[in-house]
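Let me begin by presenting the structure, written as structure tokens, before commenting on it.
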Amino acid sequence: MERRPAFPSSFETHFIDIHEVLPEEEDKKGKTQKIDKADHKRLNRPIKVRDTNKRPHRSLNRQVSLETGFSVHNWESKVKDNRRVLTRSGRSFGGFDSANRIGLEAPKGDFSLFKTKPTLSKQNPLLPSCKEREMVSQRNDGSTGLDDSVNESVPAGRYFAALRGPELDQVKDYEDILLPKDEKWPFLLRFPIGCFGICLGLSSQAVLWRTLATSPATKFLHITPFINLGLWLLALAVLISVSFTYILKCVFYFEAVKREFFHPVRVNFFFAPWVVCMFLAIGAPPMLVGPQILHPAIWCTFMAPYFLLELKIYGQWLSGGKRRLCKVANPSSHLSVVGNFVGAILASKVGWNEAAKFLWAVGFAHYLVVFVTLYQRLPTSETLPKELHPVYSMFIAAPSAASLAWQTIYGEFDGLSRTCYFIALFLYVSLVVRINFFTGFRFSVAWWSYTFPMTTASVATIKYAEQVPTIISKGLALTLSFVSSTMVAILFISTLLHAFVWHTLFPNDLAIAIKKRRIAKEKKPFKRAYDIKRWTKQALTKNNSVKKDSDKAGY
């Protein structure tokens, strides 16, 4: 008679309970090997099959992983004891990689992520250590490393994908940030680099009112120079306060400053402090500096850091990397170009005409590239939303400053200077006629950076009226000067109200707290009908291989 195997060949109808073998049972097992023929016949009786209809379905009490050798008990009773199957990816063991299983959550208000020296928290036992924060981040994000480390640069495309708004300062609805949204952050962490736009607006107004007081084209107005003195002192005081505050931010929250430097829009505002200093040097009141020529050391002090930063940014545009110009170009990029023309004006005033010509050539070459990149709107670029409309005024700044720089270097408002001025004037008019273009969005500190282009265009118009002294040119100069001064006054009052009355000037700076990578799970593709046959074949092949492995183990 043919012997039947001691183990069933299929798991569909027969179940085997695997349990631990004790030493006493091993002795008994040895004795059973010496059984007689009668006992052997008894063993060859057919094995009874469990009635799966009457008894609840149970699977193996112990599952042994063929790859790792570890075992997980009662692997299908997840509802009862919340135990998970051992994954074979090598990244977790029994579900311990989940934050929900351990009961840990991300610490709220952990602003030490952006501090200059986050390792100081180890000295205070009340604060979580770096390792604890790293473990919590890994459990919450399901990642093997600290992907959201603030010490590493965030790709430029990540900012465009995660942010929106006039200055890319608003997080999209489906994005998550590293810091809590429901509580107020420290003041230094909420203080943006865009505050230097206030200094740009006030310092350019000081230049405008000095020109109005000293220009022959506006001599009939009899404007007192004390207006220029008051604006200059106000701009200097604001520059000192803003610079001191941002230096404190660099000292205590340097990681947040690095985030702003990698921001495709805010990186351009790092040019603003040096442009403001050059504006103040150009617009200094005559009663303070007198008729003597400025010392060249002033130009070297302000232009050296600007030039080094310019080499960094222009090198990124030229190298064709992730931050090339076609990817990061925005109207605020004009700030990195305008400084060349302002530096050329200051260089000419200190007596260095060759340095002024060099800066003018560099600035004009890059202005053409930025202008064409922004003007043509590549097919891959998205249309600017309504919130981005004010940044169009930045198109006026560079040609206006270029015309002023050329007039200062060569001493006359000649053909090239007029060409640049007419370009700026056309862009100015094309924006003014669209009043609805600049309505319907909230106030922001960054709006101040949109005032100095209008002021620069007003100064260029005054210089043009000196060369062409007609009623139209003088009337145009007065009109543009009035519009720019009125805009600065309105913004100054609005800033004071938002800062000291409504306390809404500095909301949480969500832009610097975005994650380096988007952790959201991607949706699985829809299963198409023609793929069912292929998936069914793969499932049957996998099931047959499992049966073969179980048959070998049974024998």
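Every residue number used here counts from 1 along the chain in the order it is shown.
Every residue, even glycine, has its Cβ placed from backbone N, Cα and C.
TrEMBL labels come from automatic prediction, so no person has curated them.
Quick look at what TrEMBL annotates:
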{"type": "COMPBIAS", "residues": "23-41", "note": "compositional bias 'Basic and acidic residues'"}
{"type": "REGION", "residues": "23-60", "note": "region 'Disordered'"}
{"type": "TRANSMEM", "residues": "187-209", "note": "transmembrane segment"}
{"type": "TRANSMEM", "residues": "229-248", "note": "transmembrane segment"}
{"type": "TRANSMEM", "residues": "269-287", "note": "transmembrane segment"}
{"type": "TRANSMEM", "residues": "293-314", "note": "transmembrane segment"}
{"type": "TRANSMEM", "residues": "358-378", "note": "transmembrane segment"}
{"type": "TRANSMEM", "residues": "390-409", "note": "transmembrane segment"}
{"type": "TRANSMEM", "residues": "421-441", "note": "transmembrane segment"}
{"type": "TRANSMEM", "residues": "447-465", "note": "transmembrane segment"}
{"type": "TRANSMEM", "residues": "477-501", "note": "transmembrane segment"}
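Ranking 187-209, 269-287, 293-314 by CB pairs under 8 A with the transmembrane segment (477-501) puts 187-209 at the top.
Only residues 6 or more beyond the boundaries of the transmembrane segment (390-409), in the same chain, are considered here, and those with a CB under 8 A from a CB of the stretch are 166, 330-332, 334-335, 337-338, 341-342, 344-345, 348-349, 353, 356-357, 359-360, 363-364, 367, 370-371, 374, 384, 416-421, 423-424, 427-428, 431, 437-438, 441, 447, 449-450, 452-454, 456-457, 459-460, 463-464. Taking pairs at least six residues apart, the transmembrane segment (447-465) and the transmembrane segment (293-314) share fewer than three Cβ pairs below 8 Å and do not count as touching. By the count of Cβ pairs under 8 Å, the stretch nearest in packing to the transmembrane segment (293-314) among 187-209, 269-287, 358-378 is 269-287.
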